[in-house]
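**Q** From TrEMBL, here are the annotated features:
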type     : residues      : note
DOMAIN   : 6-196         : domain 'L-asparaginase N-terminal'
ACT_SITE : T15           : active site, O-isoaspartyl threonine intermediate
ACT_SITE : T15           : active site
BINDING  : S59, T92, D93 : substrate binding site
ACT_SITE : T92           : active site
DOMAIN   : 210-325       : domain 'Asparaginase/glutaminase C-terminal'
Amino acid sequence: MSCHNKVAIIFTGGTISMKIDPRIHAAIPALSSEEIMAMVTNIEKFAEIEIINFANLPSPHIAPEMMIDLAILVKETVKREDITGVVVTHGTDTLEETAYLLDLTVDSEKPIAVVGAMRNSSELGYDGSSNLSAAICTVISKNARNKGVLVVMNNEVNAASEVTKTNTLSLDTFKSPEFGPLGIVDNDEVIFYREIISKKHIETEKIETKVALIKCGPGMDSDIFDFYIDKNYKGIVIESLGRGNIPPTMVPGVKKSINKGIPVVMVSRCPTGRVLDTYGYEGGGKHLRDLGVIFGKNLPGQKARIKLMLILSVTNDLNRIKDLFEN
Ligand code: ASP
């Protein structure tokens, strides 16, 4: 059947490309993109598919430099006149980081969806083919235009800027705990319930990889900051306690980092809610704001890290960094 939609699918690997290796009884990347597409039956009724092979890696092997290379490829592909939309397959472990990086760096009206699978093709109930068909149906929809990068899993559509992996096993793992899904895929059609909350763009094709992520716990001290300063790190993200507070024993490390010109961005280890300068005690949000800590709103630490990595590739100016996180 002829159709006017052409969708480019960029394959990067992940469980969607895996099967169980009988020698080690564990899942490894093994399927070719053609083998995966052969399981997405009847898709030619919806779109002509162009396969682009980027990698076949588990997503813990995908480093930020590769995410940037992928972003450059997505930019080039989505610009093409013959392409209606782009789908990227990805392992679910770091899918939210890649999707968010694409969302921040690729400026296009055309729909872009990132998709994966929770069950590999040797398991009963492989979800790769249904997730892929839902992602393809999403990117051919006019309603999916101007929504930033989307994550399509388990028939739910979430914004890359809002979504996170919430469960290690469930097919229903990708959630936007703060705002809820953007929409659903029902009967091969995407239905949106709401608009995206915010869309930011960072114009860059580079990334600063030396950005640390520190999760706070009671009684933690400042040693780890000394390590990152010695190792010449360029930025630090702290996943703070609650509303945006840290143990007083971590304050010297924060001060020392800022004095060395290393921006410190704070988010919360709570799954929802933003950080704010509510508390005035030592290590409280007000104290940290006065020291020059930048507040990362309600981003999870792993996404704040990606954002800081991208920003640091274009500027070291603390006011600009602050502006990009806080406004
Ligand atoms: N460990 C796998 C990966 O991220 C998980 C998955 O794809 O679901 O590559």
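Glycine residues also receive a Cβ, built from the backbone N, Cα and C atoms like all the rest.
Are these features on the surface or tucked inside, and what are their neighbours?
**A** Secondary structure from DSSP puts T15 (active site, O-isoaspartyl threonine intermediate) in a helix.
Take the CB of T15 (active site, O-isoaspartyl threonine intermediate) and look out to 10 A: across all protein chains shown you find 25 other CB atoms.
DSSP classifies D93 (substrate binding site) as coil under the three-state reduction.
Sequence-distant neighbours of T92 (substrate binding site): residues of the same chain at least 6 apart with a C-beta under 8 Å from its C-beta are G14, T15, S59, G116, A117, M118, M153, K165, T173, F174.
Per-residue confidence over the domain 'Asparaginase/glutaminase C-terminal' (210-325) averages 98 (mean pLDDT, predicted model).
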**Q** Provide the three-state DSSP residue tally for the domain 'Asparaginase/glutaminase C-terminal' (210-325): helix first, then strand, then coil.
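**A** Result for the domain 'Asparaginase/glutaminase C-terminal' (210-325), in helix, strand, coil order: 47 helix, 20 strand, 49 coil.
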**Q** Near the substrate site, what residues other than S59, T92, D93 in the same chain have a C-beta no further than 8 Å from the centroid of the listed C-beta atoms?
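**A** These residues sit around the substrate site: G14, T15, P58, P60, H90, G91, T94, L95, G116, K165.
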**Q** Output, ordered by sequence, the same-chain residues six or more apart from D93 (substrate binding site) with a CB under 8 Å from its CB, or 'none'.
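**A** Residues satisfying the criterion: G14, P58, S59, P60, K165.
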